[in-house]
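Reviewing the structure listed below.
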Amino acid sequence: MEESQAELGVEPPLSQETFSDLWKLLPENNLLSSELSPAVDDLLLSPEDVANWLDERPDEAPQMPEPPAPAAPTPAAPAPATSWPLSSFVPSQKTYPGSYGFHLGFLHSGTAKSVTCTYSPALNKLFCQLAKTCPVQLWVSSPPPPGTRVRAMAIYKKSEYMTEVVRRCPHHERCSDYSDGLAPPQHLIRVEGNLRAEYLDDRNTFRHSVVVPYEPPEVGSDCTTIHYNFMCNSSCMGGMNRRPILTIITLEDSNGNLLGRNSFEVRVCACPGRDRRTEEENFHKKGQSCPELPTGSAKRALPTGTSSSPPQKKKPLDGEYFTLQIRGRERFEMFRELNEALELKDAQAGKEPGESRAHSSHLKSKKGQSPSRHKKLMFKREGPDSD
């Protein structure tokens, strides 16, 4: 191969040259500066020095100086585990009309499957779909002062969850389908069609609320209507997780002082009409009275007189005698012997009279007759010509 390349006058590639050929290609002038040359020469060892050192210590392998160990990095503080924020403050849910007669109202709607929002007066509960309009009417007996605001806040209804802040599930927080650019993604309650709405996160209680200025009713109207949206289903895992919630509506002045308070339960579901009809039927079956608006406790008390056990039937009176007319001597003798045998059996066993009558009626039912049960029979002897 080399001869063929030499004949053709082709030089081998650079990688095929010897080290001496490559060393000759280096420039003769010293690349190191004059200042660094002495120091570098002191560090270099000649081949004779290396051979002498190995002869003196053949058992010892050359050891390279260990580089200094890098300083151990300061361990970073562990990130706090993500958990639901807890609040030490539980807002009151007691109805307070105040001096302005503040109370809420809702539009009348049925339980059809097509409804997106319906209110049950018997349950004081609003059933609605996700992100659908929920009109809430604000009624006052006299106009509140200027600068009055309306605040809406959600809390859990059951006492074991009241300290937990109500917020949306992680899935709906990341979902951008219902984002309006105004409300924070973790807020459950939004106000529809009001650019003056303020979404607040309390630094002390960590609770979410939405505040809008109170507007007096329009001409020809007796109430003010605010359209709310609930942005997460009640069944969402990681959010409400099937835990009932209450929405508290408060009327406040410009300084935050309370002027009135009212509340109602909310269920966000796929079919509000069906769920309302089902819960109302269960409510009436249990015989519960209409619940008052939530006070100190959100649970309804069951009536003490309600009992699930069926009423017991009255037992027939003991010691009654009945006359049974039987046609035919042969049949009469058969029933008479049967009755005497039962009486004798009861006398020998020492049973109670009620038990003997029950056993006697059971035997008579097997014979195809239908006399009154639990009755003692008394027969009247008749002649062969009687009917």
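Along the chain as shown, residues are numbered 1 onward.
Yeah, the Cβs are placed from backbone N, Cα and C, and that goes for glycine too.
It should be emphasised that the depicted structure is a prediction, and the values quoted were computed from it without experimental measurement.
As annotated by Swiss-Prot, compositional bias 'Basic and acidic residues' applies to 344-358.
Taken from Swiss-Prot, the feature compositional bias 'Basic residues' applies to 359-378.
According to Swiss-Prot, the N6-acetyllysine annotation covers Lys113 (among others), on the basis of similarity to another entry. Contacts of Lys113 (N6-acetyllysine) defined by a Cβ separation under 8 A and a same-chain sequence distance of 6+ are given as Cys271, Gly273, Arg274, in order along the sequence.
Under the heading N6-acetyllysine, Swiss-Prot lists Lys299 (among others), citing similarity to another entry as support.
According to Swiss-Prot, the feature N6-acetyllysine maps to Lys315 (among others).
Per Swiss-Prot, the feature omega-N-methylarginine maps to Arg327. Secondary structure at Arg327 (omega-N-methylarginine), as computed by DSSP, is coil. All protein chains included, Arg327 (omega-N-methylarginine) registers 9 other Cβ atoms within 10 Å of its own Cβ.
Here Swiss-Prot flags Lys364 (among others) as N6-methyllysine, drawing on similarity to another entry.
The N6,N6-dimethyllysine annotation in Swiss-Prot covers Lys364 (among others) and rests on similarity to another entry.
Sequence annotations record features per position, and here Swiss-Prot assigns N6-methyllysine to Lys366 (among others).
Swiss-Prot lists Lys367 (among others) with the feature N6,N6-dimethyllysine, giving similarity to another entry as the kind of evidence.
If you look up Swiss-Prot, you'll see Lys367 (among others) marked as N6-acetyllysine.
The N6-acetyllysine annotation in Swiss-Prot covers Lys375 (among others), and the record cites similarity to another entry as its basis.
Residues or ranges marked as N6-methyllysine in Swiss-Prot (evidence: similarity to another entry): Lys376 (among others).
Summarising the annotation, Swiss-Prot assigns N6,N6-dimethyllysine to Lys376 (among others) and lists similarity to another entry as the type of evidence.
What Swiss-Prot records for Lys376 (among others) is N6-acetyllysine, and it gives similarity to another entry as the kind of evidence.
Feature annotation from Swiss-Prot assigns region 'Interaction with CCAR2' to 1-314; the stated evidence is similarity to another entry.
According to DSSP, Lys113 (N6-acetyllysine) is assigned to coil rather than to any helix or strand. Using DSSP to sort the residues of the region 'Interaction with E4F1' (250-288) gives these counts of helix, strand and coil: 14 helix, 14 strand, 11 coil. Under DSSP, the residues of the region 'Oligomerization' (319-350) split into helix, strand and coil as follows: 21 helix, 4 strand, 7 coil.
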